[in-house]
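Here is what TrEMBL records for this protein:
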- 125, 148-151, 214-216, 220, 267-270, 450, 461-462: substrate binding site (BINDING)
- 144, 146, 368: Mg(2+) binding site (BINDING)
- 144, 305, 364-373, 375, 398-401, 425, 452, 458: ATP binding site (BINDING)
- 204-302: domain 'Glutathione synthase substrate-binding' (DOMAIN)
């Protein structure tokens with residue numbers, strides 16, 4: 001899976017010069033993050049980490065990932081509407097995982113009160129790696145689907161231009177012209193704008209619900225600016241602002257500082273540390289409202305690892321997507337081996353199998369945001385500790401995907417330039433809007449390639465491990 005610049009990688013003076021050009025190009029294009037020292041201030045910023053050169057991606061697998069995205073959108077939406085499926089699937093997990101249990105409690109309470117929301121907006125990102133099987137042929141295998149706060153749609157919209165500039169400077173103009181245009185921020189904004197329009201109030205605003213620490217603000221601003229360009233007002237608030245100033249009227253319309261909110265776009269709320277008692281109360285207030293939540297709490301639950309594992313069981317996809325045999329086939333083709341650790345004979349066997357050969361598996365808790373998975377010796381130690389405890393049901397087990405490493409340079413602020421053996425992960429952004437039972441938008445909205453050095457088992461760009469990349473189709 002080599003890209004056509006192996007020759008360049010051995011030319012050290014050319015690499016040094018290209019790196020200098022690349023950093024300036026990233027700053028010019030706005031591939032930016034705030035610094036760790038000043039995470040809430042934009043008067044000192046730096047470039048977001050990225051690869052010096054685009055990485056080779058097999059075009060047939062790239063096209064497969066795009067082709068299945070609308071199917072995954074339909075699947076996530078179907079799960080979110082299926083109370084029984086979520087209840088049955090998460091029954092064992094909510095006994096041992098407080099975070100999932102609290103989300104589920106809010107889900108049940110909102111359903112019992114009666115859903116005030118009639119327009120539903122999904123923005124997800126399905127992530128894949130290229131697994132080199134026994135015969136060395138790469139296959140597309142899904143890592144996970146992110147249904148809340150799927151990030152880097154903004155910065156990745158600007159990364160291809162940087163790589164194009166680097167290739168031209170290295171005398172590879174023809175290759176530069178083959179880099180694909182990619183603008184997820186526009187696609188994500190289209191979905192938010194459609195939901196805002198269907199909500200039906202010209203004066204209502206879109207609220208970005210953001211974290212206390214906002215290093216990745218420019219990624220969000222890319223989407224935000226697309227909305228301002230459509231004359232849609234955007235406000236940025238935190239959970240604590242919602243707790244202090246949010247209110248519902250008799251029709252369950254949501255108000256913040258006296259402004260009606262049409263859409264709540266979550267860039268927060270996906271890990272336990274995002275919540276204290278006040279924040280849970282704020283989340284409940286938002287969920288009870290008429291505003292379009294992206295995601296609503298049922299869609300967040302649809303993205304849990306336990307649901308991912310349940311989808312791999314024979315017959316489950318057919319039940320959730322009746323009459324869509326082709327979609328089921330396309331989805332199933334992307335699944336890696338997934339195993340339940342539920343209490344019982346089957347779970348006992350699976351746990352023993354993983355303890356005996358830990359390097360073949362990944363142990364995944366019900367968490368988003370990267371940096372949570374366990375591998376190798378650490379996986380074995382944790383499983384041995386919890387093998388006879390119901391706590392093991394808060395995890396799922398997955399076959400470890402084994403991609404073919406490639407060579408690249410990873411550019412990070414204040415880090416020396418050095419060559420690394422790397423692996424990549426491809427994400428496809430999906431956007432859908434449903435009004436009542438009618439799907440009014442369903443599309444793939446762009447892609448994200450992230451690359452990391454092979455010594456890092458887990459973690460994304462925000463976690464400081466992976467870097468932004470651009471696919472070069474081969």
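Cβ coordinates are placed from backbone N, Cα and C, and glycine is handled just like the others.
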Local confidence of the domain 'Glutathione synthase substrate-binding' (204-302) - pLDDT mean: 98
Residue among binding-site residues 215, 268, 270, 375 with Cα closest to the Cα of residue 146 (Mg(2+) binding site): 270
Fewest other Cβ within 10 angstroms of its own Cβ, chosen from the binding-site residues 125, 215: 215
Candidates 149, 270, 452, namely the binding-site residues, that fall within 10 Å of residue 368 (Mg(2+) binding site) by Cα distance: 149, 270
Candidate with sparsest Cβ neighbourhood (10 Å radius) among 400, 452, the listed binding-site residues: 400
Between residue 220 (substrate binding site) and residue 375 (ATP binding site), the C-alpha gap once rounded to whole angstrom: 32
Of 146, 268, 365, 368, 375 (the binding-site residues), the residue whose Cβ has the fewest other Cβ atoms within 10 Å: 375
Densest Cβ neighbourhood among 151, 220 (binding-site residues), 10 Å radius: 220
